[in-house]
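**Student:** There's a structure below that I have some questions on.
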Amino acid sequence: MELKFSAEVELTLSREVDPAEIEPTVEEFVKEANEDLLQRGVPTGKEGAKIESYRVLEDTIEMEITGTRYLRPHEAAMRVRKRLAERLGRKHRVGVRDLKIPRYEVVLRFDREVTRDDVGYVPVADDVVVEDGTVRLTFQDVDEEMLRRHVIDRVIRLVAWAVEERSELVERVTKVEPGTVVDESGPREIRFDGDVTEEARRRGWVKEFPGRGQWIYTPPMAALFEVLRDFLLERVTRKLGFEPALFPKLIPLETMFRMRYLHGLPDGMYYVCPPKRDPELFDDFKRELYVWGELNERTLGSLKEKLRDPGYVLAPAQCEPFYELLRDEVVDPERLPIKLYDCSGWTYRWEGGAAKGLERVNEFQRIEHVWIAEPEEAERIREELLEATKRVAEELELEWKVVVSDDPFYLEGRLLEDRDIELPDVPSYEFEVYLPFKGERSSEEAWISVGSFNVHGEHFVDGFNVKEKSGRTLFTGCAGLGVTRWVVGLLAQHGFEPEEWPEPILERIDEKFGGLPEVPKTLTWPE
């Protein structure tokens, strides 16, 4: 990719001057700057920046500056401002009070045809023109904050990523091709091929909640959920030495920003808008609600006016508080690894139209394992969790496979990061079980992930400024066992008759509940 830059620059003087008086000084400076100042730091044989033209006014010096990837016009302008101010101060007792860039243009030339759809939405840019293999970005009134925060550099990186790198993001990090099956149980006898959601609904084990992707789980389903959760905790979590923790499920946006989750999956979360704490402010909403007698555009519009901007999300990953626990801390290697788990509540993801049945919901429960350790041990912990999960699936006589994941949730969030961090060869594995009612084994649609096993490398260590006292590398990891989906997987393969269920489940249901609880029936439900 070839880059070219040009900028209109205005240097505001500290007082009005006679242009003829200072123009010789400016002319001399421009010549010297083009030969030396604007070439410093540029590799031999490459071009830096250049002041193409200038004009001296009574209170302003206007310049047209071009640049390359080695020295961009805004960087050149800041050099010019400092050095020219020093020279004008010595010779004419006038300084440079302000730097403005009314217009900044960036041209990106690619080696292939580029369309406007390839580029996509470009924040901050006032104009985007795409012709053949060229993308021309124009920015108006660039201020110092934009320069200080490297906003234009980030826009360039965003466009380059969108055109050249987006489809390669996972492949660049994952050394094994996503979708590769690394282990599997092999086929098992199919005992049930009915639709789990429809059968559970018919029996009254679940009832659909008004919210999309939400269900009420009645006693038979809840009992099965509890014993499966306890079985996983016993055979996997506690057996491997994970300690309990209670993590908040209302997560500040700042935390999601640090995780780079906002960069990667902003459309997959529920956002929380706290109300303005003023009861009188809500009086007109209550009156609107009373008069209209329903939730409509008018009543909801009145409510929206009383809400603050989004400040939180409902936990979409469940591991978020672990990184806040470690934030800005120094870790003692003698106390590693730190291994915690949380299974204290719901996890929320907005699936939108993809929410379907019990197998893909917006609200679900998991056992979330989190850990921090030195790299080799961090990966070993993941392997131990995977092996323990396989043993559980075997005890439950489930058909399963382990697949290299194609969607480590944090990777896309690194697209604007220039820092080089260490990552494992395979960031993420998915543990999937077969759902016979969804189709043949050869169809990816017939498999559902019941566990995700991730080693993040230094991603969160870097984002949350976690240090090891001797400066050694630390990795974090997380592994979520989706208990709600384990229930679906067991019912999909073994059916709804308890006598067909694996012995470990039956024993625990009898021990804990004295048998499978009954559905709380009414005169009209279940049908």
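Backbone N, Cα and C atoms are what each Cβ position is placed from, and that goes for glycine too.
Remember, it's a predicted structure, so these values are computed and weren't measured experimentally.
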**Student:** Out of A317, A388, A393, which one does Swiss-Prot list together with R349, R366, I367, E368 for L-serine?
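**Tutor:** Answer per Swiss-Prot: A317.
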**Student:** Which of these, C273, C319, does Swiss-Prot say binds Zn(2+) at the same site as E368, C478?
**Tutor:** C319
**Student:** Please identify which of R229, R235, R238, R485 is recorded by Swiss-Prot as part of the ATP site containing R349, W350, E351, R360, V361.
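**Tutor:** Of the residues offered, the record points to R485.
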**Student:** Need the DSSP three-state call for E368 (L-serine binding site) to compare against my parser.
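**Tutor:** Note: E368 (L-serine binding site) is in a strand by DSSP.
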**Student:** Have a look at the binding-site residues (R349, R360, R366, R485) and report the one with the fewest Cβ neighbours inside 10 Å.
**Tutor:** R360
**Student:** Please report the number of other Cβ atoms within 10 Å of the Cβ of C478 (Zn(2+) binding site).
**Tutor:** 24
**Student:** Of the binding-site residues W350, E351, R360, V361, C478, which one sits closest to A317 (L-serine binding site) when you measure Cα to Cα?
**Tutor:** C478
